[in-house]
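What follows is a single structure, and I will ask about it in a moment.
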Amino acid sequence: MKAFLLTLLAQLCSASLVPEKEKDPEYWRQQAQETLRDALRLQRLNQNVAKNLILFLGDGMGVSTVTAARILKGQLQNRKGEESLLEMDKFPYVALAKTYNTNAQVPDSAGTATAYLCGVKANEGTVGVSAGVTRDRCNTTKGQEVTSILRWAKDEGKAVGIVTTTRVTHATPSAAYAHSANRDWYSDGEMPPDALEGGCKDIARQLVENIPDIEVGTGLGPPRGKRCGPSTTAGRRAGTLGSRDPQEDTGPASPVAVGLGPLRSTKAGPPADVGLGPSVRPQLPPARRTQLGAGPGAGGRIDHGHHEGKAKQALHEAVELDRAIGLAVRLTSPQDTLSVVTADHSHVFTFGGYTPRGNPIFGLAPMQSDVDRKPFTSILYGNGPGYKIVGGERENVSAVDFAHANYQAQSAVPLRQETHGGEDVAVFAHGPMAHLLHGVHEQNYIPHAMAYAACIGPNRAHCNAAGRAAAASPLLLPFLTLLLLLLLLC
Ligand SMILES: *[C@@H]1O[C@H](CO)[C@@H](O)[C@H](O)[C@H]1NC(C)=O
Ligand SMILES: *[C@@H]1O[C@H](CO)[C@@H](O)[C@H](O)[C@H]1NC(C)=O
Ligand SMILES: [Zn+2]
């Protein structure tokens, strides 16, 4: 009788674990055949000239974060999660990018931004300058400036824009327009005297002077009064600047249109008044917003959430980014818009523990440790603030609300701030010349491929080739929109 009950129980459990349709081998065969049909269609390469370039940058969105965000997205829709599709999962081409900085195996956001925006690898902590520049050394900067794909587009008279959830002077967006030996030189008030005397300019000033007409969408910043990043005085100037001083860019800003003209015209039917400014990031439903807004790091960024060991905040933010990607993809056409989704670097974030299908992504592994006999969460960090010893032992998480938005997942090594990770990041691509992103690449290759697709930058011999000449005509292409969706910095 007992054996029968156990068998019944096992059957019930496995019944709920495995969706009914997945038990039919035909389901998997059909699904694979559909994938094969889609793959065969890729033999006809999309070699159009890209009218629009969109780069979505999830700060700290490593591959483990992407997978966990996919499961979370499915579970938020009351599904098991593993089978669900992120918007970026639908992109037909995926590459890996090697993220190391010229002087760092595990990189920071400044050196990586220089790579994927300016096409040149650089030292950590520096933006928009070559590896000849040493961090903090103003006097090494001169002549080492490298320009970004925004500049290349601007030089062709294209419209360019940045949409960011952080300060536009933060390292990640700043490499688009600034050249600085230190990512933290936001304003002249934050620069050492020798750098000022040496003629180095602060990042905010360069935003105004270097590329004067970047459209900047800043409505996605952290709540007013809250700042992320090492400097709490970011943006406070000793002198004065024009009206575009970004010091107030951390709160909700008025809508800013980013290259709306060309984007709107690319596809019939999208609502005419849908801006790709702040509204590009769909708002969370009120319930989830409250949940996420509960603590420091409210509205948390991917990078910020991970640094605090708060996986829930990081993953919800990644799902948000994915929703924005879906919106932008629906507003554009892959016939004329190259969309690229990537991350600057990863984090030491992981999930494992032989969890069963559909296990809540923030839940426990199905077994206890066979060493300390305590349960553990599937999500763990290699290092960070979640390290916790209670009474000389690893904390027993069954007594803890590990599904809370502010829960800090356990880590192996105590650090106030969890660190970046050193493994490759994914690069998802969709649209003209997306197939150029196809293997394991150095991160600085990304803007070269994007520029080639759009016939901007130095490499344009192919632009007049038969079949591309008409599309490349400036008359037909009055604008090229470079829209950077930069999420989650610090
Ligand atoms: C550059 O500046 C640093 C201090 O930031 C100084 O130690 C160094 O001697 C200077 N180098 C030159 C060539 O002036
Ligand atoms: C962990 O906590 C749970 C619930 O409080 C308890 O049942 C279990 O015995 C604890 N395990 C250990 C090893 O302390
Ligand atoms: Zn970071």
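The backbone N, Cα and C atoms fix where each Cβ goes, and this holds for glycine too.
What TrEMBL says about a protein is an automatic prediction, not a curated fact.
Relevant sequence annotations retrieved from TrEMBL are reproduced here:
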ACT_SITE  Ser109  active site, phosphoserine intermediate
BINDING   Asp59, His170, Thr172, Asp344  Mg(2+) binding site
BINDING   Asp59, Asp303, His307, His345, His420  Zn(2+) binding site
REGION    214-309  region 'Disordered'
SIGNAL    1-15  signal peptide
TRANSMEM  469-489  transmembrane segment
How big is the Cα-to-Cα gap, in Å, between Thr172 (Mg(2+) binding site) and Ser109 (active site, phosphoserine intermediate)?
6
In whole Å, how far is Asp59 (Mg(2+) binding site) from Asp303 (Zn(2+) binding site) when you measure between their Cα atoms?
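Rounded to the nearest whole number, the Cα-Cα distance is 5 Å.
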Quick check for you: of the recorded positions Ser109, His307, His345, which have their Cα within 10 Å of the Cα of Asp59 (Mg(2+) binding site)?
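Checking each Cα against Asp59 (Mg(2+) binding site), the hits are Ser109, His345.
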Translate the DSSP assignment of Asp303 (Zn(2+) binding site) into the three-state scheme.
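Looking at the DSSP assignment, Asp303 (Zn(2+) binding site) belongs to a helix.
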Measure from each Cβ of the binding-site residues His170, Thr172, Asp303, Asp344, His345 to the atoms of ligand 3 and list the residues where some distance is under 6 Å.
Asp303
Can you name the residues of this chain that are 6 or more positions from Asp344 (Mg(2+) binding site) yet have a C-beta less than 8 Å from its C-beta?
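The list for Asp344 (Mg(2+) binding site) reads Leu57, Asp59, Gly60, Thr99, Pro107, Ser109, Thr112, Ala113, Tyr116, Thr172, Val425, given in order along the sequence.
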Where does His420 (Zn(2+) binding site) sit by DSSP, helix, strand or coil?
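In three-state terms, His420 (Zn(2+) binding site) counts as strand.
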Looking only at DSSP and grouping its letters into three states, which state does the residue listed as 'active site, phosphoserine intermediate' belong to?
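Helix, per DSSP.
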Given a separation of at least six residues and a C-beta threshold under 8 Å, show me what packs close to His345 (Zn(2+) binding site) in the same chain.
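His345 (Zn(2+) binding site) has long-range Cβ partners Gly60, Gly62, Thr99, Val106, Pro107, Asp108, Ser109, Thr112, His420, Gly421, Gly422, Val425.
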Give me the count of other Cβ atoms within 10 A of the Cβ belonging to Asp303 (Zn(2+) binding site).
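Taking all protein chains shown, Asp303 (Zn(2+) binding site) has 29 Cβ neighbours within 10 Å.
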How big is the Cα-to-Cα gap, in Å, between His170 (Mg(2+) binding site) and His307 (Zn(2+) binding site)?
16
